[in-house]
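Everything below concerns the one structure shown next.
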Amino acid sequence: MDLISFKEKDISKKECLELFLDTENFFDILKVADDIRKESVGDTVTYVLNANINFTNVCSGTCKFCAFKTEKEDPNSFFLNPDKVAEKALLARKTGATEVCIQGGLLPEIDTYFQAEILQKVKKITEKYGGIDIHAFSPMEVKSAAENCGLNVKEALKILKDSGLKTMPGTAAEILNDEIRNEICPTKLTTSEWIDVVKTAHKNGIKTTCTMMYGHIEENVHLVEHLSILKEIQKETSGFTEFVPLTFLHENAPLHHIGKVKSGASGILDLKVYAISRIFFKNYLKNIQTSWVKLGIKLSQISLNCGANDVGGTLMEESISKAAGGSFGTCMSEEKLKNMILNVNKIPKKRNTLYELIN
């Protein structure tokens, strides 16, 4: 395998799989990815001042990797109405956040109009403070809410966009293979449905992120299949702003408790995912985000030297990783984020949701 040639060529799915299977050239793969990263985006590492608002942890979903959901009767359950969500968004804006990420569980009472009310109230309450970028609702949430009020996805997305939705998180992707999905999230939208929601969003002016959750029951071939689907969508729509690998946090997940998964990904796989995704995507998808919440600061810093060029955000409130067993905190100050970047000789730059730099 001629790794040097991979710096320039648009590698095939077969070559991508060979990289995942390669056990002899680990550090060489990381170096190739780092060279591509430097050529593509330089030594700038971006971050965003943001807040996560999870408006409910009650969910009818059956995802076997999720430790966040509860039943309505659970004393730890919560459900924030649109006014409460707006209050949290205002607090985030006053604290300096330029982005708020809003997500919640799946319930019959959560329809597109409920989502639109959240957006409208967040937009209105933050307007006199310069507004805030609203990054909200996964493809699964959009589809479920649309079905709850008899709309199709395109109709729902128009209502959400008109109500203030700027971008969407490309979560609920997990692994884009229906055999795997039937095992880990049997009632979630299918691969083709996820693709449809995302493409429809892109074609109607709503950009999204894209994600991949790895380190559970998938095989290397499924990782390649997933990355290939994302790459083909990006070639068609140019609608992804970033790729976010999400390492599976196993400790509190049902998959772990029922014995399907003994542990999550190794540190080697974590770094290979960042490196190989950089080599595979090249300039089709320039921004690859490392997750300090899931990886911790030190491994995230290493990932900045093998493909990643963004460290995500300050978060301010992040409940899902914490519930799953994440042990690296759920909030980081801007100063700490910048130091995390500076300490690996990179240049920190603040950005907004669309990766436009902020002075």
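Including glycine, each Cβ sits where the backbone N, Cα and C put it.
Feature list (source: Swiss-Prot):
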DOMAIN    45-282  domain 'Radical SAM core'
BINDING   Cys59, Cys63, Cys66  [4Fe-4S] cluster binding site
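Summed and averaged per residue, pLDDT over the domain 'Radical SAM core' (45-282) gives 94. For Cys66 ([4Fe-4S] cluster binding site), the number of other Cβ atoms no farther than 10 Å from its own Cβ, over all displayed protein chains, is 20. For the binding-site residues Cys59, Cys63, the greatest number of Cβ atoms within 10 Å around a candidate Cβ is found at Cys63. A coil conformation is recorded for Cys59 ([4Fe-4S] cluster binding site) in the three-state DSSP classification, outside any helix or strand.
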